[in-house]
Amino acid sequence: MAVLDVSYGERAKVHASPVARRLFELMEKKQSNLCASIDVSSTDELLKLVEKLGPVICLVKTHIDTIDDFSYDGTILPLVELSKKYNFMIFEDRKFADIGNTVKNQYKNGIFKIAQWADITNAHGVTGEGIVKGLKEAALETTLEPRGLLMLAELSSKGSLAYGEYTNKTVEIAKSDKDFVIGFIAQHDMGGREEGFDWIIMTPGVGLDDKGDKLGQQYRTVDQVIDSGSDIIIVGRGLFGKGRDPVLQGERYRKAGWDAYLKRIGQL
């Protein structure tokens with residue numbers, strides 16, 4: 001049986017990564033494969049949206065460096081408390097892209113101290129395997145909590161250079177650490193099962209209403225994304241942009257994502 005036909009719960013039982021196991025388990029429990037991408041500029045906006053969306057998401061994706069009034073105690077600690085209250089995980093969309101020693105410092109140090117609080121982060125493969133090693137070292141030196149890394153294999157923006165040979169090389173880098181690299185930001189299934197990998201695929205550019213924006217973002221429907229092999233849909237402006245009600249839209253996208261998943265595994 002292909003992994004695309006297997007439930008999240010079954011995948012959780014045998015996955016090598018404790019981060020992936022926990023994520024699959026809470027997805028099954030909450031019946032949600034929705035990641036809320038909350039790109040805002042204030043702590044108040046961030047926490048208010050997370051409070052509204054927390055009950056229906058499995059993951060919140062942040063760009064923490066866009067928060068004008070950021071402070072660790074004022075921004076991160078309340079966010080972590082909300083993640084415990086509503087049982088979701090935190091993904092800092094940092095997109096690391098430097099040599100190993102540099103990303104190690106960026107991940108563990110500075111004002112953001114990402115390794116201390118983000119369950120998951122991500123990186124480009126452009127600098128090679130050293131980026132994985134550097135980030136893993138930072139995680140191990142910072143916390144006893146398990147951490148996971150996503151590699152950026154494909155992007156949803158028009159004109160992206162992340163395709164073809166670049167994507168293939170990124171997959172090879174991901175194979176260098178089965179425990180720490182848990183999957184990809186990608187537009188479709190990335191394979192690997194014949195070699196014992198069960199990668200989580202998270203896909204941005206998902207919209208039920210909009211087709212794109214003036215800056216090159218291109219949207220696909222929930223069904224298209226899940227049918228292509230994605231495990232988690234990443235939705236941002238579709239949840240709260242253009243005056244939308246995040247509570248209503250959150251449930252709408254949660255149900256759409258979960259129904260598409262149930263169809264894929266033959267349970268709907």
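Every residue number used here counts from 1 along the chain in the order it is shown.
Glycine residues also receive a Cβ, built from the backbone N, Cα and C atoms like all the rest.
A quick note: this is a predicted structure, and the numbers were derived from the prediction, not measured.
Among the features that Swiss-Prot reports, substrate binding site is placed at ASP39, 61-63, 93-102, TYR219, ARG237, with the record citing similarity to another entry. Residues annotated as active site, proton donor in Swiss-Prot, with sequence analysis given as evidence: LYS95.
Everything Swiss-Prot records as a feature, shown here on the structure.
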residue: ASP39; record: substrate binding site; DSSP (3 states): coil
residue: THR62; record: substrate binding site; DSSP (3 states): strand
residue: ASP93; record: substrate binding site; DSSP (3 states): strand
residue: ILE99; record: substrate binding site; DSSP (3 states): coil
residue: TYR219; record: substrate binding site; DSSP (3 states): coil
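Using a 10 Å radius centred on the Cβ of TYR219 (substrate binding site) and all shown protein chains, the other Cβ atoms total 20. In this view, the densest Cβ surroundings among the binding-site residues ASP39, ASP93 belong to ASP93, judged by other Cβ atoms lying within 10 Å.
Counting every protein chain shown, the number of other Cβ atoms lying within 10 Å of the Cβ of LYS95 (substrate binding site) is 14. Annotation: THR62 carries the greatest number of neighbouring Cβ atoms among the binding-site residues THR62, ASN101 [cut-off 10 Å, Cβ to Cβ].
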